[in-house]
Each structure stands twice: as C-alpha cells, then as structure tokens.
Amino acid sequence: AEKIKICLQKQVNSSFSLHNGFGGNLYATEEKRMFELVKPKAGASVLNQSTWIGFGDSRTDKSNPNFPRSADVSVKTANKFRSLTGGSLMLSMFGPPGKVDYLYQGCGKHKVFYEGVNWSPHAAIDCYRKNWTDIKLNFQKNIYELASQSHCMSLVNALDKTIPLQATAGVAGNCNNSFLKNPALYTQEVTPPEKCGKENLAFFTLPTQFGTYECKLHLVASCYFIYDSKEVYNKRGCDNYFQVIYDSSGKVVGGLDNRVSPYTGNTGDTPTMQCDMLQLKPGRYSVRSSPRFLLMPERSYCFDMKEKGLVTAVQSIWGKDRKSDYAVDQACLSTPGCMLIQKQKPYTGEADDHHGDQEMRELLSGLDYEARCISQSGWVNETSPFTEEYLLPPKFGRCPLAAKEESIPKIPDGLLIPTSGTDTTVTKPKSRIFGIDDLIIGLLFVAIVEAGIGGYLLGSRKESGGGVTKESAEKGFEKIGNDIQILRSSTNIAIEKLNDRITHDEQAIRDLTLEIENARSEALLGELGIIRALLVGNISIGLQESLWELASEITNRAGDLAVEISPGCWIIDNNICDQSCQNFIFKFNETAPVPTIPPLDTKIDLQSDPFYWGSSLGLAITTPISLAALVISGIAICRTK
C-alpha cells in the first residue's frame, strides 16, 4: 500500500507583505490606504436637498422666455429658487419707479442668494443718490446676517402707518418724476411758500406676522437727507434739518439730527439721501422730521429668527459693456458664516452677454446634489475623511481634514493569508471590508481610553493559541465607534462656535482653527492606526476559523479513508482511495464545504494560484459562501509520500 500525506500548506512567497495586527497577523499580495485624499469641487452645494431655498433673478427664473438658455442653474435647481426676471432683494425693498417689484419670501435652513445685479451702476438709479453701492453693501450684509439666524424670511411690502395731514406724497425730477416706494417722500404744501410749515410727526408699525410668516425681527431702511450746510437747507429760514426714528419708549433708533450733529461742510446745493439699515423688533415707531420733508418707512424684510442656518452668496455681475459693483462679494466676506461663490473669468452668456454663463453653471451645478461638506474652498461628497489641503472656513457638514498621503495607514488587500492557526487560505474581497466609512467619518478628535488598547480587546481564543475572538473584536469596533460619536458631537459643536466667530479679518481665530484641525487630523490618523491593527487581527482570526471549518469538513467527508494526523494534514492510502476518491474528499464536487455566516454573500472562486509555492496540484472549488466580511479564494495541497 502507498500512503500519502496531504496538507493544507502555507503558500507565501516574496510577493506577499506581512501586516501585524492585534490578535493575529496577515500576509497579503497587495495593500491600500484606508482612505484616499479627496479634492473639493469648486462652487456651491447643499447638505440637504429638502431644507434649502434660493433667492434669485432672471438667471434662476423658470418663467423667463429664454429659459433654460438664460439660466445659470439646472431645471431641478431653478425649482428651488424664488426668482423673477429683473428682480432683486434691494429693488423690492426700495421700489424705485419703473423697476421690477417682486415679493421675495420663503423658508429654508440653507439659503442661497444669487441676485443683486439688477441694482448696480448700470441701472443708473438716482433719487437723490447717484451711487448706491455703499447702501447696497450694507443692505446685503444685513440680509445675510439675519438670514443665517432664521428659517423663514419675507418682504413686508405694506407697513401700517399714520401720516400728518399737512404732508402729501411728493415726487422728484431725478427719480423719474416719481419716488421710491420705500421710503415714501412726503412734502408740505405751505402757504405762503416762503414759510417753513410745522414739524412732521408720523407713525409706522412693524407687525409680528406677515401672512403666514412670523416676524421676530425686521430689517428697516432709515433714510434721511444729508445737507452740506445749514444754509442749503435753511434757505427759507427753517432752522436745522432733522429726521429721526424713535421706538415706543422714546429712544432714538435711527436717523440724523443736524440740531446736534454737524453738516458735512462740503459745497453743494443738492442734498443726498442716505439710508441706514436698522434691525428692529415688531412694534410701533414714530418718525419726527423738520418742516417741508418727511421720508417715511413703508417696507421691511421680516425674519423669524428661529434657527441658525447656512448662507451662500453668489457673485452677481453683468457681462461685457455693463458696469457692475461687487457689493454682494464684500457683504458676504464681511458676514461671519457666509460662503461666497466667485467667478474667475468675465461673465460670458449663451442666451445673450448676460445670461447663461458656462463657468457659473459649473460653479452652481453642485446645487443639484447633496454634499457631505460645504466650505469656502468648495464642496465634497466623497466619504474620505482626508483632503490634501486645509479647507477654508466657513465650512459645514462632515468636512475632511488636511493630511499627507503617506501618513494614512495602509490595510492588506488582494490575497490574504493568516500567519497562524491551521496555516493557510487566501481571500480576495469583492467589497469593502467592514463599514469603516460609517465608523470614522466624523472627522474629529479621537483618543485612546484610559484602559489603553487593552480596553478594546476583551477576550481570547484558546483554540487558536491566543489573540482576540471575532466577537471581542467586534465589541472593540463598537467601542471605538461609540467613542468617536461622542467626540464627534462635542468637537463639531466647538467648531461651529468658531465658525460663528470667524470673519476674514480675524487672522488669530483663523490660525487657532487651523491648529485645532491639525490636531484633529493627527488624532484621527492615530486612531486609524489602531483600527487598522484591529482589522488585521480580526480578518486573521476569521480566516483561521474558516480553516478549522474547512479542515473539519474534509475530515468528515473522508471518514475512514483519511486519517487526520495534525490540524490540516491527513494520511491517505493511495491504493484504497484513488484520484476520484481524493477529488471527492478535497474538491467537494461543486458543493459548499463551509456553512454560510451572514451578512455578506459573495460569489467566489476557490482555486490554486501561480503565486503559490508547493505542488502544482490544486483544489478548484467554485461556490457561493459567506464568512462575515471575508471570502476564501484559494488553497493548495502539498503531497508527501
């Protein structure tokens, strides 16, 4: 009789690298970084498609006859905007004659503003002020600030008011022989005309609600005339100019009083109108002005102030041959938490010179999607926690941290072989091992608990000579995940507080934030090293367990035909058990040799591999099996006589 020894043989050669883990080691033909570095995409995006709203003009207006060629956004995104061709928030606030007057209102946790160009130097609006840019800057800044603290906002286009009987609506030749809707100009008709008339006393009320919109705070334009000297105003002997707003307690909240404040001292015969932006609570207010003229607030924007939210402002400029201003840009840059989207090239439209710019379409294409992170540097929707460069604030969501590629730990991949147990098998994963993305995508401080690494390793596996059990390793992963969740919450709260404080001239806070993020990145990289070691050990143990199951199945199939002389080795009488018999024992004839273990079902190919040492005779088994987060893909047999 000829007896042969058949063993499951270690099949590692120089193409394999060794990976050490907690509780077990692995040989692998390949390795990969746990995460790749991601690069943010330039432009705007949102964290949640259901909780954002946009405010725009013709470039986001679906009702424009040239849509979609006239638009800088997709049809999907246009549906999210409150827009009208020719409109702007400021035009609706002041209502200059001959301009579009649109009722802007809506609700959203994230507000995207792409408007403003329709009130720019090209519009040539006068009405006692040839250059409105500084007022526009102040207006936009207040809009962004209040919008970031509110869920809903609405134009209030008709305030309740009481006007003195002696005042009647006035007009101005430099305002298309009309005047703004807000403020309204009232004048006194005095007989004889050389007399001054009486002081004006008027009242207006800011409501607590406008339609369905709650109003906790109003943005009001407090407008008044600026005279260069008393003589310019006092041609009729009417003393000093004043226009002052008082709250219900008699406190001054806005306006100008040349009875106590000096005139400009410039030379000129025509006054200029100035409008300051006031944030006022609902209530009744009074306006007192010197004889002859009264500028009366008639409109406001109301905000519910119910929750902090996100604000994105998009640069709004004309194409060639039209003069633009950059008030939107400056307003956003000076408002904490405002994200600004800017073009790098001149505006070049498709429908005409001013509508349908390709660069702007690309910058706004991200509004069609949900991002994991939005920032001044761009948006990210990949799951990696690392990026090559520091993302500039403000930033919101689960934002990646800056890291060097070589600092990211590597995990084994390709064909995997444990270094102990019943010796060997190999696996070729068809999907990502474990849910690492879900486990550590928080991008925050992580730390080792007082118990150290041992706090995660709760058990041992006696039959494999030590190490951790699969169950204890899973508990370890759960503990790491819980620790990370806790740290994620506390750290993100701290970062949000810093976001609230950051403005573009607060370099010290920027530096502090950068230091904190660097510390977060280093801590996360350290924790990933721990997870990598646990992962290697867990896979190694799982592979060893699968080998025990495989060896047990072979022994059971062999019955009395083969004698197991050591784990993974059998003696067979070649005269009693010929080749077909051996094929039955070791090749399984396409049947499943290992019980399935949920949850991962993977189609695998178990076969010999030219990388391996040992006999050229190999087992070929093709069967669907499931082994937690791993799959077997090859073993070989060593024959000895």
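Glycine is treated like the rest: Cβ placed from N, Cα and C.
As given in Swiss-Prot:
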type: ACT_SITE; residues: SER58; note: active site, nucleophile
type: DISULFID; residues: CYS107-CYS152; note: disulfide bond
type: DISULFID; residues: CYS127-CYS175; note: disulfide bond
type: DISULFID; residues: CYS196-CYS238; note: disulfide bond
type: DISULFID; residues: CYS215-CYS302; note: disulfide bond
type: DISULFID; residues: CYS223-CYS275; note: disulfide bond
type: DISULFID; residues: CYS332-CYS338; note: disulfide bond
type: CARBOHYD; residues: ASN13; note: N-linked glycosylation site
type: CARBOHYD; residues: ASN48; note: N-linked glycosylation site
type: CARBOHYD; residues: ASN131; note: N-linked glycosylation site
type: CARBOHYD; residues: ASN381; note: N-linked glycosylation site
type: TOPO_DOM; residues: 2-616; note: topological domain 'Extracellular'
type: TRANSMEM; residues: 617-637; note: transmembrane segment
### Task
Could you tell me the mean pLDDT over the topological domain 'Extracellular' (2-616), as a whole number?
80
### Message
Counting only residues 6+ away in sequence within the same chain, which have a CB under 8 Å from the CB of CYS238 (disulfide bond)?
### Response
CYS196, GLY197, SER290, PRO291, ARG292
### Listed in sequence order, residues with CB under 8 A of CYS302 (disulfide bond) and six or more positions away
MET153, SER154, LEU155, VAL156, LEU206, PRO207, PHE210, TYR213, GLU214, CYS215, LEU217, HIS218, LEU219
### Query
What kind of secondary structure is CYS332 (disulfide bond) part of, going by DSSP in three states?
helix
#### Entry: Other CB atoms within 10 A, centred on ASN381 (N-linked glycosylation site)
16
### Task
Going by DSSP, give the three-state secondary structure for CYS127 (disulfide bond).
coil
### Task
By CA-CA distance, flag whichever of SER58, ASN131, CYS332, CYS338 among the recorded positions is nearest to CYS152 (disulfide bond).
CYS338
### Query
Long-range same-chain neighbours of ASN131 (N-linked glycosylation site), Cβ under 8 Å, sequence gap at least 6?
PRO121
### Task
Specify the count of other C-beta atoms within 10 Å of the C-beta of CYS215 (disulfide bond).
23
